Amino acid sequence: MHVPSKTLTPGLHAAAIPATRIPITRLPSVLPEAETSPIAGTPSPPSPNPDHSASPSHPKHDPEALLNDLHLQRTATTRQPHFFLSLWRKWIVVLVLSLTVLCMPFATTSLFPLTPEISATLHTSEGLVIAINAVTVAVMGFSNFFWSPVGRLIGRKQAWLVGCAVYVLSTAGAALAQYAPPAARVPIFVVMRVVLGLWGTMFAAMGQTYIAEMFQPTERGTATGFFLLGSTFGPSFGPLVSGIMVSFVHWTSVLWLQAAMMSVAFTLSVFYLPVVRNVYVNEPNEKSSPSRTTSRILEAFNPSHVLKILQHPNVLLADFACGFVSWNQYTLLAAPRHLLNPRFNLTTPLVSGLFYIAPGLGFILGAVVGGKLSDMTVIKYIKIRGGVRLPQDRLNSGLSSFFFLAPVSSLIYGWGLQYEVGGLALPIVTAFFSAVGINMAFASLNTYCAEVLPKQRTEVVASKYVIQYSLSSIGCGVIINMIDAIGVGPAQTLGALLVVLAGFFIWIIAKYGLRIQRWYEKKNAHFTESS
């Protein structure tokens, strides 16, 4: 079903209503060929301010006149049937997506407080257990090269359900590794964790794609914020629950809880997740030879679909910004037991597990507030331009988090522990505000990645998770050794600097994104003509 981007509701056309009378929540998006790009090869007369995306003082324009001024064009967009679902059905889908995506970060970070217990059961060192968890996070990043083709071949919902089943089975296998002969325990545990990681980012990436397809641009930030409750509350919820459970039951009970959680998510997904038309499946009347079918499968598994997206400068900058923020997030969560127990004479994982309540609440607040703030920012810029929207507009909502809230909180957290000032209250309070800043930054950034190139949305989100989880895995693997070598203050300073650098990348996109994309389109067009 085709609905042009000018269409406000089925049967209602933007041209039929004066721009000044269109309700602000129903204003049309202006989508160029690549949502932030001008038309490649179009002559561009000089403009005193080619980046209207970052100019609140720019006077209001007639939308069509401003399109010509910016050298943009409207393009027809294909709406999935679930775009027209009722609002309550959409929010049920968001709830199912958030619950499912919660399980994956829960599976990785819930093992952080359990390192001594796991190493004792598997008869190995704590360092190896930390390395196994880091490898799992790394595999999650590169899992895009595996599950993305599977989703193209069998359909998005089918791949989602297969991922849920694999999660349950691999988690159960890791829990049963303790009953294997001693020499086989570590290899079985490693294999099960790697299999789990192969589907690691599928739920987050597909969830963002569902949201971008279901919601209007002025609603996506809020929906993404609630979706992020799962993907970012999971990292703190995991260590909290596991720290409490291991004080009373065996650590494998945490794995069985993970399997039960995903089983619930699987059941809800069967009934409530929309079915998306699979463009890689032949139409019923289309005859396909075995060689053609094989070529389609090989084409689906071609990693260049994801890697080529990184040629877009805006996408590359946004991906690394996500990676730097994620480094700060995972290093914040990976080391509390290592830091707090010796400094405050905590003898059980229970108390250090309760520490995760603070960042968990911070993640919840940051996701909800950040998502709503990003939508308000989009509406603000739509009003300024008289109906024209650019995806990078929403990035302006997170700049205060990048440049102030997250890095300052990280610095106070690290150096307060370094010099042992403020007691236990200081790291609790600063971890809360650091988590708020991280999720407020993520809310606008994740939404931007899902809408910057609408026709290549899946590939953009996949590239984001490749870089994001690669940096997260490095952070998980080195943070404890780094703290032991240089101290928690310098280690957190590095994380704060990375967040500021991410903020600088986001500022560049927000202010100069259109100009950068225009340069890329012209360069690519010139290269194509030359070749």
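Any Cβ shown, glycine's included, is placed from N, Cα and C.
Copied from TrEMBL, the annotated features are:
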REGION    34-64  region 'Disordered'
TRANSMEM  87-107  transmembrane segment
DOMAIN    93-513  domain 'Major facilitator superfamily (MFS) profile'
TRANSMEM  127-147  transmembrane segment
TRANSMEM  159-180  transmembrane segment
TRANSMEM  186-205  transmembrane segment
TRANSMEM  226-249  transmembrane segment
TRANSMEM  255-275  transmembrane segment
TRANSMEM  315-333  transmembrane segment
TRANSMEM  353-374  transmembrane segment
TRANSMEM  395-415  transmembrane segment
TRANSMEM  421-445  transmembrane segment
TRANSMEM  466-488  transmembrane segment
TRANSMEM  494-514  transmembrane segment
Stretch-level contact, the transmembrane segment (494-514) and the transmembrane segment (127-147), CB cutoff 8 A, at least 3 pairs: no
The transmembrane segment (315-333) vs the transmembrane segment (421-445): 3 or more CB pairs under 8 Å: yes
Cβ pairs under 8 Å between the transmembrane segment (159-180) and the transmembrane segment (87-107), at least three: yes
Interface present between the transmembrane segment (466-488) and the transmembrane segment (421-445) (three or more C-beta pairs under 8 A): no
Cβ-Cβ under 8 Å with the transmembrane segment (226-249): same-chain residues at least 6 beyond its ends: 91, 94-95, 97-114, 117, 204, 207-208, 211, 257, 329-330, 333, 336-337, 348-350, 352-354, 356-357, 359-360, 363-364, 366-368, 370-371, 435, 438-439, 442-443, 446
Annotated stretches the transmembrane segment (87-107) and the transmembrane segment (186-205) touching (3 or more Cβ pairs under 8 Å): yes
Taken over the domain 'Major facilitator superfamily (MFS) profile' (93-513), the model's mean pLDDT: 85
